[in-house]
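What follows is a set of notes on a single structure, which appears directly below.
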Amino acid sequence: MYDKADTNNDSRIRHFIIQRTVKNKQPNYCIDTVSYHSVPELVDHYVNKKEPISITNCTTPCYLKNPINRQAWELSHDDITQLKKLGEGAFGEVWSGKLRLKSKRKVDVAIKIAKTEQMTKEKIKELMKEARLMRNFEHPNVVKLYGVAVEQEPLMIVMELIDGGALDEYLKKNRGKVTVQEKTDQMCMGAAWGVEYLHYKLCIHRDLAARNCLYTNNTVKISDFGLSREGNIYQMTCAKRLPIKWLAPETLATGIYTQKTDVYSFGILCWEIFANGEEPYQGMSNAEVQTKVVEGFRMELNVETPEAVVELINQHAWDVDPETRYSMSQVARELEKITGGTPPAANKEAAKKAKNKNKGTVEQTVDKDATVEKTIDQPTVDSPTPGKKDATVEEKVKEKEKDTGSKKKGGAGSKRKGPTKVADSAKNKKGTGPRKKNSRERK
């Protein structure tokens, strides 16, 4: 902040000490006799009252010259009311509550309250990165972020309240009650529109799964953006704990993520939907899944899955070659043909903006801050091969497959059991092998 210059026209930035005290378990921030529960409130006092700061300690009074206005997503704790505890997780407690908007209208919200003792600088950095990414999303199939409250402890994330809960739990709880049409028209179609919108916004979700989708009033909402990254390409430089069973073969082989890797994960999500929320690759360890998926292994979809959806997933979402694998927009258009659905207006608007904004541009993000986390049954992805930075994703996958093939020729062969394997060729149009005819046709 600036001094109000006197006769010497000496205008300089100066520092002022703010004292912090605790009274009745509430922090207080003070300058002289002025005291508030947070620094922003203290600063607001001097902005609004136009009072000089610390007259007793300054030879010339000073005022806030260019105050920075609070952004819409920067919330005040005073506008948040906690009502009922819903649960607790690694991040902290989750409560239902009310948020008072600038219009004074109150809305129902879910409030994530951070465990203060576990909030390291790195975790706060990741949390704010997630919030900055989510604040740009406004879509019926994507969970809405209202904002974060960080002016005082505890740190809070405020999101729209979804009554239905996680999609996988809903499917398990209502096993046998959810129709094939609902699974196709509401769940698969809604999730496709949500992911398509995220891709228009240059967001790679990186953790698409039924557990990370919420379901309420026949509407799927994509949630949990903790692993999400902004850009077209994301490359890991270190090993991290990852959802192995949902990852695309090129990610398992090279550590590279693109929007096409989300498309592959969307195929696993559809498998979960028609399997009533069951975990994919049952009976297989993460290490086995990692090896076999890179070799070309694919699961067989449930017998109730409509033939058109089976063909879409097998041939286009799970295509081994990310270059020829469908984009999320292509998948959504095919599902619209199957369901007769019409995309939300948000998709059309985002598509127009993306067409002009992203033409001819490719952004790449490198995970420089990743930390290595390993577990016995949670294998990590390999870092990209040194000296191969200019190779395409397709070349790296083929190189991995070539190495795997060479090893298989020199060793003892064994007959593959379990789900059917697809051919590695992108030209294979025959699906993933034998599958029972679907006797029930969708109406």
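Yeah, the Cβs are placed from backbone N, Cα and C, and that goes for glycine too.
According to TrEMBL:
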- 80-338: domain 'Protein kinase' (DOMAIN)
- Lys112: ATP binding site (BINDING)
- 338-443: region 'Disordered' (REGION)
- 365-376: compositional bias 'Basic and acidic residues' (COMPBIAS)
- 387-406: compositional bias 'Basic and acidic residues' (COMPBIAS)
- 407-419: compositional bias 'Basic residues' (COMPBIAS)
- 428-443: compositional bias 'Basic residues' (COMPBIAS)
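There are 19 other CB atoms within 10 A of the CB of the residue listed as 'ATP binding site', with all protein chains counted. Secondary structure at Lys112 (ATP binding site), taken from DSSP and collapsed to helix, strand or coil, is strand. Computed over the domain 'Protein kinase' (80-338), the whole-number mean pLDDT of the model equals 93.
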